[in-house]
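The following features are taken from Swiss-Prot:
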ACT_SITE  His262  active site, proton donor
BINDING   His78, His235, Asp239  Zn(2+) binding site
Amino acid sequence: MFLQKTIRKKTVVQGIGIHSGDPCTLTFRPAPADTGVYFIRTDLPGSPSLKVTARNVQATSHQTTIGGPAFSVATIEHCVSALSALRIDNLFIELDGPEIPIGDGSARVFLEALLAVGIVEQDQPRKYCYITEPIYFSEGEKHAYVVPYHGLRLTVTIDFPNPTIGKQTIDLDINEQSFGRDVANARTFGFMKDVEALKSRGLAKGGSLDNCIVLDGENVVNPEGLRWADEFVRHKCLDALGDLVTLEMPLMGHVVLYKAGHDVMNKLVRKIWDSPTSYRHVELGADISDEVRRYTGWTVPV
């Protein structure tokens, strides 16, 4: 039986907000079994909390923001992508402001902080959203679908007219090792013309070459260049993994994305919820292969 997990003890991440440029502090704290993942705004009266769920997603333009009637938390995807890869089910995430520290624009700072304090099993079984039939979502030239699979697999394709990016695809089985090796260090990216426009509107005050890949035409402005030639699609994989946390339950399925951003990911999660005959909520034993055959009738690839 696979058990739910949380962290062993609290850990703190400090940095600046990408839009405000202000210092901000994030504190990860253990949470009891069957809690889920909650953000807590300690800077507000009563320290209100907000669950990470697609139902609370308020904005999906260039990032994912969750919110309630009186407050919000912006750019959650880099942080929570690490939770998915580490199979952390229950966590309190305290914030002293509306933004999460941007770090270097990747998920590395969050992954390192969580691994440093350790991850512990809890006394309740881990419940999965087990895809049994294909689920599709399309919007113009953007496409997303999920099909049965014996783990979590992401195939992500992006296609930009800028030749430095162009068309890139990553196909990855997601686990702690593959995430740390192939995805966690991939940075967010943007174009110089867009950065200048954002700053003229009082946004992206914390943005710099230290936390974002910046392209000026076909040229990468960052002196150190790229960490991988396909760092762009690796980061989109990171984003998608973070957005899947809003499903509120770990997914077992193969997610295939084409030109799909945060908006499409939010709609895909909602489409899964709206397709109750295409998934089951299950607790998995040690023999994944037998479980897959029992619930889906699909054969696990050898």
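For all residues, glycine too, the Cβ spot is worked out from N, Cα and C.
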So of His78, His235, His262, which of the recorded positions has the fewest other Cβ atoms within 10 Å around its own Cβ? His262
Between Asp239 (Zn(2+) binding site) and the residue listed as 'active site, proton donor', how far is it from one CA atom to the other, in Å? 8
Once His78, His235, Asp239 are set aside, which residues in the chain still have Cβ within 8 Å of the Cβ centroid of the Zn(2+) site? Glu77, Ser81, Ser106, Ala107, Ala186, Thr188, Lys236, Cys237, Leu238, Gly242
Cα separation, His262 (active site, proton donor) to His78 (Zn(2+) binding site) (Å, whole number): 12
